[in-house]
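What follows is a short report on a single structure.
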Amino acid sequence: MRIGHGFDVHQFAENRNLIIGGVTIPYELGLAGHSDADVLLHAISDSLLGAVAEGDIGKHFPDTDEAYKGADSKKLLEEVAGIVRSKGFEISNIDSVVIAQKPKLAPYISEMCRVIAEALNVETGQVNVKATTTEKLGFTGRGEGIAAEAICLVEKMETGLSD
Ligand SMILES: Nc1ccn([C@@H]2O[C@H](COP(=O)(O)O)[C@@H](O)[C@H]2O)c(=O)n1
Ligand SMILES: C[C@@]1(CO)OP(=O)(O)OP(=O)(O)OC[C@H]1O
């Protein structure tokens, strides 16, 4: 069994969609980034890559590569799940938290879990997403951006082969 951890931050920006956990959330601001800036999917991707010692998303999908301009982070997460499986691991569970003063995310959390589970090809019950404010403290509390953190467990797949 292996554990992985991921953390990401994106700054709010005007004229951008707010996409978190693969769900587009109605809000006056979006997040800035080279990709679609899905802060939660980036944290989850990093946790999975960390668990199998594959570096981070910047290594696999560099922000200097035009191919990832406006990239759909769900597709990147699907690729990350492929990397995990190619290294002989299956995903046990993901837990995560989005740190945002605003907007209220609770109405969108179950859809985020569904979308993330679909991208990873796991059951929805293997994915958990939480949200918290920072009680108006720090950069998230001042509404300058959103942070996300994720943790995962992966397990070596049974090959069925004997030695
Ligand atoms: N952007 C957010 C932040 C929080 N929530 C929900 O509110 C609960 C209380 O948040 P506190 O920061 O005051 O602990 C939290 O447990 C979430 O359910 C939210 O929906 N969206
Ligand atoms: C996936 C990438 C691709 O540019 O997305 P960005 O929007 O640049 O987001 P960031 O979390 O700063 O870095 C990860 C990048 O690799």
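Note that Cβ sites are derived from N, Cα and C of the backbone, with glycine treated the same way.
Per TrEMBL, the features are as follows:
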BINDING   Asp8, His10, His42  divalent metal cation binding site
BINDING   8-10, 34-35, 56-58, 61-65, 132-135, Phe139, Arg142  4-CDP-2-C-methyl-D-erythritol 2-phosphate binding site
DOMAIN    1-154  domain '2-C-methyl-D-erythritol 2,4-cyclodiphosphate synthase'
SITE      His34  site 'Transition state stabilizer'
SITE      Thr133  site 'Transition state stabilizer'
Taking ligand 2 as the reference and 6 angstroms as the Cβ limit (strictly under), which recorded positions among Ile57, Asp65, Thr133, Thr134, Arg142 are close?
Ile57
Based on Cβ atoms within 10 Å, give me the single least packed residue among the binding-site residues His10, His34, His42, Arg142.
Arg142
Using the Cβ centroid of Asp8, His10, His42 as the reference point for the divalent metal cation site, which residues of the same chain not in that list have Cβ within 8 Å?
Val9, Leu31, Gly33, Ala37, Asp38, Val39, Leu40, Leu41, Ala43, Ala147, Ala148
I need the most crowded of these binding-site residues: Asp8, Asp65. Count other C-beta atoms within 10 angstroms of each C-beta and give me the top one.
Asp8
What Cα-Cα separation, expressed in whole Å, is found between Pro62 (4-CDP-2-C-methyl-D-erythritol 2-phosphate binding site) and Thr133 (site 'Transition state stabilizer')?
30
Recorded positions whose CB lies under 6 angstroms from ligand 1, from His10, His42, Pro62, Asp65, Thr133, Arg142:
Thr133
Please report the Cα separation of Asp65 (4-CDP-2-C-methyl-D-erythritol 2-phosphate binding site) and His42 (divalent metal cation binding site) in Å, rounded to an integer.
16
